[in-house]
Every structure is written in structure tokens, then in C-alpha cells.
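Data first, discussion second: the structure below is written as C-alpha cells.
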Amino acid sequence: MHHPLPPDDTLYDQVRPILWTGYFLKLLDQRKLPFVVEYVECHSSEDVTQAIRTLIVRGAPAIGIVAGWGAVLAAREIEAVDGIEALRKLEPALQRLHAARPTAVNLAWVLARMRRTLSAAHADWRQVMECEAESIAREDITANRCMGAYGAALIPIGSGVLTHCNTGSLATAGFGTALGVIRAGIAQGRIARVFAGETRPWLQGARLTVWELQQDGIDATLIADSAAAHLMKSGQVQWVIVGADRICANGDTANKIGTYQLAITARHHGVKFMVVASAATVDMDTTAGEAIEIEQRDPEELLGVSGVRTVAEGIAAWNPVFDVTPGALIDAIVTERGVIQSPDAAQMRATFSN
């Protein structure tokens, strides 16, 4: 590395996309990265709803955390004697927040948690709501640091790693999931090389991941998504480390499109494959990946780059957002509850059925 390693990983965790001022919310506008670093102020729950809908904030954990603050801002627009009355008056705003990104699991989870908290609150319900929103953000960072330690312990000293999409501070309250493992591995001197796939069509790897790592002084090398197999064949990568949008009861994992082909390629080349996500991402009610509905986005996203069209008129495109990696191709699933190696239904049940 180009500078001495610190005794811990705090040096490698400088980016914060969500800032609560005590009066309003400031969100790093991820649509404008990496060339413009600009925060957007949200003074109402409607501002927060729009920020979620328009991708100012992205990443399932971050969306959930922001929704919690959206509920706090909504509370300023009503009067109520206790939490029960407040919940009744806040319900329309909470439903609008949920509708902004209805497929985000963390968003629904946070709003359900805020509802439970409110229903038990008394005259101090506003303060209780704000404390709960703070707790949600704080718990996210704590879980991410825990996952970072668990995941890094699996990585031999001197390893190279490849990641996909963006799973760092920009997608969470801080530190990140898969990128948190990489941060911890760098701090411990275990990781010698970091590669990031560009992640078409939104280019989260190219626009966000390598920028985020650069802010923390971590050297990263960008590759085209299509270069992954050649990179693995070269021997420069020992682990592929990715996040997850949903993990099924048998270990099958839905994640950003392109993850499945990385898992297949890794298995062929003897490269280990790690999935890192919070326990809230595990869906024990979905038995296997076949039951996951894969979201399709506008084909127009594939027909250009950064607003510049690169494809002739009249060309069709197919644009699924996620794919499903079978648990059999995953060497380790890492959550804040620990590590499941070679995951299967029995191990998942033992860890998460509570």
C-alpha cells in the first residue's frame, strides 16, 4: 500500500451520504457523483419521498434509514397527544414513503419498526421517533463493522478481491456490507489488490465504488464487467465479494444483475465467492431463488451512457435489474450473526429461524 496501515479501519470510512442536522436531513446526491459532490436538503417527508424516488439516495439499507428520518420530518406536520393518535395521522405519509421504492425490503422493515415504536409511545412520541431513527442508523453501522470483521477473517494475507455494484458507505449508514469487508481487509493487511466491475447499465462500480474507495485512500482498479473471467484466470483475484438484495431460506441470493455470472466464473477458476448482507436481508419465507420476482427496468437504460445514446434507433433491449445466484455457488454468507460456509437450508434455518 502507498501509506502505513492504521491499527483499525476508521481511516477507511470517511464518506457519509446521510446527515441529520437535528432540524433537517442532508443527502449526498448520488446521481451527480463522481464529478459533483453536492448535498440535497430535505425539510419535509415529501422531500424525502422524492429523494428516494429519484435515486438521490440508493442502496437498500440507506433507503430504509432515510425513510426513518422521513417519518420524523412528517411528525413535525401534525399534532397528537400520544403515539397512537400520531400513527393514525402519519399513516398517509408513511404509505407515500413506502410507495417511493416498494420493492426495497429495508424500507418496509424500517417503516414497520417506526409504526411499532409509535404505537407504544406516550406524550413524548416525537422524541421517541427521533431516537428510533438514530438507533436504526447507528445499528446499521455497528452491524456493518461486525460483518467486516467476520468477512475479513476469511481472507488470506496478500489476497486480491473483486467486487460488484456499490455496497459501501454510499449504500448504507456507513462502512458498508461487501465494501465493509474490503475496508476491514485493507486495514488488517489481508487485501493487497482491489478490483471493481463497472456494473452496467447504471455504472455503480465506475461512478460510486471506485470514487468511494478513493476518498478513503484505498487503491482500486476498475474493470469492464466483461473482463472478470480473464482477470480471475490471471490469478490476481482470490475472492469475489458482493452484497445482496434478498437471501432465500436455502442460501440462494438475489443481487445486482451480473452477480450470477461472476459466481459461475469464480467457481470455474477456483476463486472463492462471498455474499455480505445484514440479517434483515434474509427472507426465510422465500424457500428458493425461483420464487423471487426479478424486476425489469426501462430498456432505454441500455441504449446510452450518461444521457448520450449509443445504439441505433429501433433496437430492442432486455434490462433485468437482478439475478439469482444459487447457494451452491456461494462459499460464504456473512451477516452480523456470523459466517455460514457452503450455505444450505439446514444451516440457514439454524442461524435465522427465530
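Cβ atoms are placed via backbone N, Cα and C, with glycine included.
The Cβ of ARG101 (substrate binding site) lies under 8 Å from the Cβ of ILE52, ARG53, ILE63, LEU107, each of these being in the same chain and 6 or more residues away along the sequence. Residues or ranges marked as substrate binding site by Swiss-Prot on the basis of sequence analysis: ARG58, GLY59, ALA60, ARG101, GLN204, ASN255, LYS256.
Swiss-Prot lists CYS165 with the feature site 'Transition state stabilizer'. Taking Cβ-Cβ distances under 8 Å and a sequence gap of 6 or more within the same chain, the neighbours of CYS165 (site 'Transition state stabilizer') are GLY197, THR199, GLN204, GLY205, THR209, VAL242, GLY243, ASN255, LYS256, GLY258, THR259. The secondary structure of CYS165 (site 'Transition state stabilizer'), as reduced to three states from DSSP, is coil rather than helix or strand.
For ASP245 (active site, proton donor), the count of additional Cβ atoms within 10 Å of its Cβ stands at 24 [all protein chains shown]. Annotated active site, proton donor per Swiss-Prot: ASP245, in sequence order.
The two recorded residues, GLY59 (substrate binding site) and ASP245 (active site, proton donor), show a Cα separation of 9 Å.
Taking the Cα atom of each, ARG58 (substrate binding site) and ASP245 (active site, proton donor) are about 12 angstrom apart. Counting in whole angstrom, ALA60 (substrate binding site) lies 7 from ASP245 (active site, proton donor) by their C-alpha atoms.
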